[in-house]
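Step one of this worksheet: look at the structure below.
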Amino acid sequence: MITDILFYSFMQRAIIAGLILGILLASLGVIATLRKMSFFGEGVAHASLAGIAVAMLADVAPLPIAIIWSVLVALIIYWLERSTKLHSDTVIGILFTASMAFGVILMSQTAGYQPELISFLFGSILAIRSIDLYIIGGLALIIMLWFVPSIKQLTYLSLSEESATVSGIKTKTQTLLFYIALSIATVLGVKILGIILVSALLILPAATGRLLSKSFKSYFTVSIIISEITILLGLFLSYIKDLPSGASIVLVGTAFFLLASLLGKAKT
Amino acid sequence: MPKQSRKTNKAAIDVHHLSVSYGENKVLDNISFQIPVGNVAAIIGPNGSGKTTLLKAILGLIDVDQGSISVFGNKLKKQRDLIGYVPQKFEFDLNFPITVEEFMGLARKKNQPALVIEEKIKEVGLTPMILQKQLGELSGGQLQRILIAEALFNEPKILILDEPAAGIDIAGEKMFHDIIDHINKDHDTTVLIVSHDMAFVSKVVDQVICINKTLICSDAPKIAMTEKNLKKVFEDVNLSHHEH
């Protein structure tokens, strides 16, 4: 059965993209949950619908446009959070619904059934083309080249921004870069997981990893391993049972989380 | 407590006509004082008097309306490496999985050996065994000492602490006073503390800076902490609320 799955090139692409996204989203998810930014991923993913709609109307590749759109949304969130007294959740809530509403209006101008839209909403293992794989791999590599050497700084500023600033860390720059990286990573995951479910891969592995870890190093490692297993099992399930890939991956991730919760409860 | 640190007349911190506002609300109004090198100085004042704002201005964490702050005669930005900071609030999820060693590693510079962590831990009266504990397992006093140890990584010439003794028991307070004394004398570090602890201020520090939006006094405790000054600083606030 496994050799059958690996035989198809669309499955090969989905698995490679999934494994890359697993590392990327789980790593960023650890910092995102520490910063209580789980809703940010949700907001950016939903907001990307407008970018996808613009691309479809213009008949160009949706992923690059969705990425640019989401980065713009992330920058506006960053700016509004600092220039107004509004709470972060409020700013994200306003922007993501506004951007999504704009996307829905644009979509309504496109006649007929939109199969690509459905795959963007719910994710599809058939959706990853070679060009998407290059985009996912290339951007993931760039993000990780910045993220890995910045983990200590990002963790420190997430725990105590003032202490981090005094110690010489460029906290504003690093926070802004984190917002951009998180928005790009979230949109990269949209093709497999779908707009509606992609943020789960930011939250679930990090939440499960936290329940099973006692040190920061093990937290990162466990979260990434859980993420990779979740994606592989989810894609496998999606192929065998002909289920939407995003929903399959999220349900496997949720099962791991529940298992970890029970294990954690049994220990205490 | 006898002092042996090398005090000079040179200013470690020079605050000159400093004013800070949050929107329409003026929090600090035309404040000027100097803290000589080697002093242990305390900022006192009631809640909302601008103590933490003053500290943040000295640390360069906020923009000021007018005035200037110099550190060892130079602009603050150029001297940031000389300052160590222990924040008042360290709010984090107690269940966040990070060991004390990993937490301290976050502040360690690449050119510093890993041994510096153990060295600083011992300096604040803790044993290296604590390094394997999770940060969330520490008591308030232990966490405070870990934060002080972390602030000492860069061998700061100025150590700034925001209400460090809050929530610490009497034994912890004694230990804390000894640590401040050790840092001041053995490291020749100028110390600036925001404190509500009047006993600590009157016994341990060399200089009291009393503020309530404006500067009320800046002098040795015996000279500064007069009934008249304290009344002016705390206005209608009952002093007993600020004593530990």
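Note that Cβ sites are derived from N, Cα and C of the backbone, with glycine treated the same way.
Curation does not apply to TrEMBL; its annotations are automatic.
Feature annotation from TrEMBL assigns transmembrane segment to A:14-34 (among others). Within the chain carrying the transmembrane segment (A:14-34), a Cβ under 8 angstroms from the stretch's Cβ atoms is held by residues 6, 40-41, 125-126, 128, 132-133, 136-137, 140, 143-144, 147, 151, 154-155, 158-159, 178, 181-182, 185-186, 188-189, 191-193, 198, 201-203, 205-207, 209-210, 219-220, 223-224, 226-228, 230-232, 234-235, 245, 249, all 6 or more beyond its ends.
If you look up TrEMBL, you'll see A:46-79 (among others) marked as transmembrane segment.
Taken from TrEMBL, the feature transmembrane segment applies to A:91-108 (among others). Cβ atoms under 8 Å from those of the transmembrane segment (A:91-108) belong to residues 39-40, 42-44, 46-54, 56-57, 69, 73, 76-77, 80-81, 84, 114, 117 of the same chain, restricted to positions at least 6 beyond its ends.
As annotated by TrEMBL, transmembrane segment applies to A:120-148 (among others).
The feature transmembrane segment is assigned by TrEMBL to A:176-207 (among others).
What TrEMBL lists as transmembrane segment is A:219-240 (among others).
Marked as transmembrane segment by TrEMBL: A:246-264 (among others). Residues 18, 122-123, 192-194, 196-198, 200-201, 204-205, 207-208, 211-212, 226-227, 229-231, 233-235, 237-238 of the same chain sit 6 or more residues outside the transmembrane segment (A:246-264) yet have a Cβ under 8 Å from a Cβ within it.
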